[in-house]
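Residues or ranges marked as domain 'TGS' by Swiss-Prot: 1-61. The region 'Catalytic' annotation in Swiss-Prot covers 243-534. According to Swiss-Prot, the feature Zn(2+) binding site maps to Cys334, His385, His511.
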Amino acid sequence: MPVITITNGLQLTFQKPVSSLEIAKYISSNCEQNCIASYLNNRLVDAVDLIMQDSKLDIITAEDKAGLDILRCSCNHLLGHAIKQLWPEAKMTIGKIIDKGFYYDIDLEHKLQPEDIDALEKCMHTLANKNYNIVKKYVSWQQAREIFQANGEIYKVAILDDNINQHTLVALYYYEEYVDMCRGPHAPNIRFCHHFKLQKTSITYWRNNDKNKKLQRIYGTAWGTDMQLKCYLQSLQEVKKRDHRKIGQQLDLYHIQEEAPGMVFWHVDGWIIFRELETFIRSKLQTYKYQEVKSPVMIDRTLWEQTGHWSNYAEHIFTTSSENREYCIKPMNCPGHVQIFNQQINSYRDLPLRMAEFGSCYRNEPSGSLHGLMRVRNFTQDDAHIFCTEEQVCDEINNNIKMLYEVYHTFGFKKILVNLSTRPAHRIGNDKIWDKAEQDLATTLTNNGILFKYNVGAGAFYGPKIEFTLLDSFDRAWQCGTIQLDFSLPSRLKAFYINKNNQRLVPVMIHRAILGSLERFIGILIEEYAGFFPTWLAPTQVVLMNISDNQSNYVIQLMQKLSTANIRAKIDLRNEKIGFKIREHTLRRVPYMLICGDQEIKMGKVTIRTRYGKNLGMFEMNNFIEKLQHEINHRNLSQIEK
């Protein structure tokens, strides 16, 4: 007789094992209709799983975060069902739940076209309207293998052979005649899967290896209600308008061409933004007492073998050779910084030594993964490495956390997610070292009152790391900052310092990046601001324009004042209507347009208009410059008011 305690404190006693769905029905018909799964003693279970003993139960609906993930998992399997209806010859590989959606990779000779995706979506709706129950069965590993072998699902057989213990039970989910394996949970009935949209297809490879079979990936999104789906699709349209590749072209910021895939040609205005970011970060480096250095782009392969990068990271490293020597084009800056540290004998009094570099790095990313500024092969890291004693680690991490948050808040990012990535299976260093490194990071985050999640097994091969992920105005996640402890690399490269007892000790090395890749961060900013950069970042901050030729000399005089004040300004003396000029510079997202007519000359002032169409009225030039300099110097996000 299991006694079930519901979240609200209600206790229910049953004479026999009971499922969450049956309990929901007992509570109310509405609860039964909305029950998609449950937390049983804080563990996610299917709504149809039987509860055998006294338990705590929290019923999950499609409105909950966990419920949405379950709904999307079920929609993904509904997609599989529809694929097999339309193309029985398709071979199913793996499907995954991703942020706000799902995807399934399939092996199908027929290349999917837009009309095929429309047909798939229609088939999914037809199947969902049948309101069939989704059936869960546990079978032995051997039984599962026989089922998939009989169905010709060679990839499922491979997954069973390579990834699943032969002594475990395998959960199979039946969507009518379509069967797939999954950890679950799934919705109890297909009626939960009505509010979805198939979005796009792409090419991928079995096990992410381009030497394996080419697959087609189908992406979709799914939501609990039709209104949620419509709102999400509407936000996607807005995101599409903000595509950094499109705006980058409109504003003439940069380009990428075939002859240099994943490498950026910065144009004048784009390079201004790049340099402003560098200047901002440099100001932080000075405040936090960093030394700036520059290390070579190419270093002999033997050094990368010594560091462990070659054995752990070789597929991402570009190489070149000269005079019978093989060189690696650096994918990261850390080995070079250790070489600089090693050029002198350092005392404990010299520590912490904070070494920063805007390092130009190259990584051999697959061509199919390249995406504008967001995924490139050549990028600039705002990289730093701190050499310190074990006793100094927590203070240094504290300082880095403070600096990161100051930088992110300057750009207007308030929602910051933090993950602590722990030791991967393939790593260097012993477990004792990893235990200490992970504990130091966790303790510092806790002491700072920062909520974080563990990302188990996602650390670098040489140390655990804290990852800072920014949520933009569309709640898209951008992982930018990292703070990473490394007790191994300094030892491998024979770095040491002399302690107060005149002994040689290996320093702790902290890897730190704030923006990460400057190229990628500019892409993020373009989309976050829709090209409306804060004035301090805007390539052109002010445009001066005349109404007629009578004001040309006055405009030129005012331009000289702006130049003297180090404000990035341009003049527009073209013989065009003033409305035309205003529209053109508004489209260029110039923060301030200064209009000069006869009235302005008479009063010795200028009329100021913002790119948002706001007329600020007339200002004396010196007064405007003073306000503008304050806005720029304080890196304000807001503009001058009347």
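Glycine is treated like the rest: Cβ placed from N, Cα and C.
Taking the Cβ of His511 (Zn(2+) binding site) as reference, residues of its chain lying under 8 Å away and at least six apart in sequence are, in sequence order, Cys334, Asp383, Ala384, His385, Gly463, Lys465, Thr482, Ile483, Gln484, Leu485, Asp486.
Across the region 'Catalytic' (243-534), the prediction's mean pLDDT works out to 93.
A strand conformation is recorded for His511 (Zn(2+) binding site) in the three-state DSSP classification.
Residue density at His385 (Zn(2+) binding site): 27 other Cβ atoms are found within 10 A of its Cβ, drawing on all protein chains shown. Using a 10 Å Cβ-Cβ cutoff, Cys334 (Zn(2+) binding site) registers 26 neighbours.
Same-chain residues with CB within 8 A of the center of the Cys334, His385, His511 CB atoms, the Zn(2+) site residues themselves not counted, are Met332, Asn333, His337, Val338, Asp383, Ala384, Gln484, Asp486, Leu489, Met509, Ile510, Arg512.
Annotation note: Cys334 (Zn(2+) binding site) sits in a helical segment as assigned by DSSP. Residue counts for the domain 'TGS' (1-61) under DSSP, helix first, then strand, then coil, are 14 helix, 28 strand, 19 coil.
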